[in-house]
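Peer 1: Got a structure for you, questions after.
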Amino acid sequence: MSETATWQPSASIPNLLKRAAIMTEIRRFFADRGVLEVETPCMSQATVTDIHLVPFETRFVGPGHSQGMNLYMMTSPEYHMKRLLAAGCGPVYQLCRSFRNEEMGRHHNPEFTMLEWYRPHYDMYRLMNEVDDLLQQVLDCAGAETLSYQQVFQRHLEIDPLSADKTQLREAAAKLDLSNVADTEEDRDTLLQLLFAFGVEPHIGKDRPTFVYHFPASQASLAQISTEDHRVAERFEVYYKGIELANGFHELTDAREQQQRFDQDNRKRAARGLPQQPIDTNLLEALKAGLPDSSGVALGVDRLVMLALGAEQLADVIAFTVDRA
């Protein structure tokens with residue numbers, strides 16, 4: 001295919017047929033387990049406050065909104081799905097398009113397919129087992145390795161991420177030739193994320209998926225803090241063959257705590273010169289009404305298909321990447 005033939009799909013037709021078969025397999029996996037498939041909006045009047053996520057923004061002009069209504073393309077269906085949980089839907093999953101106004105590359109496209117599911121009355125470990133079941137079925141891979149965030153840092157960087165101060169983190173970064181970035185970085189979590197990306201990720205999940213759990217409490221996002229160790233959050237991520245596949249939580253159910261985290265995110269945004277984002281008050285009201293104790297996970301389907309097909313890049317498994325859209 002010539003570089004100028006941008007009307008043509010980026011993925012081959014055989015790969016698209018294989019992708020369709022995997023989507024069918026995913027739906028069968030959840031149907032067999034009695035999990036309800038749902039659809040939720042791709043746009044919302046609120047968006048994520050996470051400082052690392054950049055949503056697309058658009059404007060609706062119509063009856064009653066002559067001045068326009070700001071809308072955000074969803075970076076994940078999480079907030080709407082939690083509202084369904086609070087309404088009593090039971091176990092639920094969704095295959096949907098998600099949007100992030102960020103990078104494009106081998107493992108990234110600003111529009112992508114997300115698999116997200118929630119399990120009432122599951123703890124983090126039980127959900128991790130179900131994710132492992134899905135990966136073994138779709139990827140025909142070995143069962144996953146499970147390590148704590150603390151363990152992977154101690155194994156690959158010889159430091160304790162839960163107790164190390166910023167000086168120690170910068171010293172670890174220097175060993176990875178990252179001093180040019182680390183020496184001027186004052187945020188401890190950014191230093192940890194830098195070390196994880198360059199000092200841990202390249203070494204895990206090579207032969208089988210690796211689950212990393214109990215991230216620092218400061219990186220809890222929408223996860224609960226562990227009752228056994230308040231230094232860590234009940235959050236996990238999944239890595240395989242150099243790719244981050246999934247991110248899961250034992251979900252936070254406390255509306256007041258969630259409000260505080262949203263506010264803290266917006267303060268961090270202001271300090272970095274980033275726009276503060278509108279908080280999803282409907283989610284907070286759902287939490288107040290009562291979200292059942294649940295665990296949930298978001299998994300990148302395009303990356304999953306790429307691994308299943310042994311493809312080199314997302315473009316090989318997406319019909320039209322953004323440069324051909």
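Note that Cβ sites are derived from N, Cα and C of the backbone, with glycine treated the same way.
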Peer 1: Let me know which member of E251, E257, E285 Swiss-Prot also records as binding substrate at the site of S76, P77, E78, Y118.
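Peer 2: Between E251, E257, E285, Swiss-Prot records just one in the substrate site with S76, P77, E78, Y118, namely E251.
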Peer 1: From the binding-site residues S76, P77, Y118, E251, pick the residue whose C-alpha lies nearest to the C-alpha of G300 (ATP binding site).
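Peer 2: Of the binding-site residues S76, P77, Y118, E251, S76 has its Cα closest to that of G300 (ATP binding site).
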Peer 1: From the Cα of L245 (ATP binding site) across to the Cα of Y118 (substrate binding site), what is the distance in angstrom?
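Peer 2: Between the Cα atoms of Y118 (substrate binding site) and L245 (ATP binding site), the distance comes to 17 Å.
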Peer 1: Which of the three DSSP-derived classes (helix, strand, coil) applies to Y118 (substrate binding site)?
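Peer 2: Note: Y118 (substrate binding site) is in a strand by DSSP.
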Peer 1: I need the neighbours of the substrate site defined by S76, P77, E78, Y118, E251. Which other residues of that chain put their C-beta within 8 angstroms of the C-beta centroid, in sequence order?
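Peer 2: What remains near the Cβ centre is Y79, H80, M81, K82, E116, L222, G296, A298.
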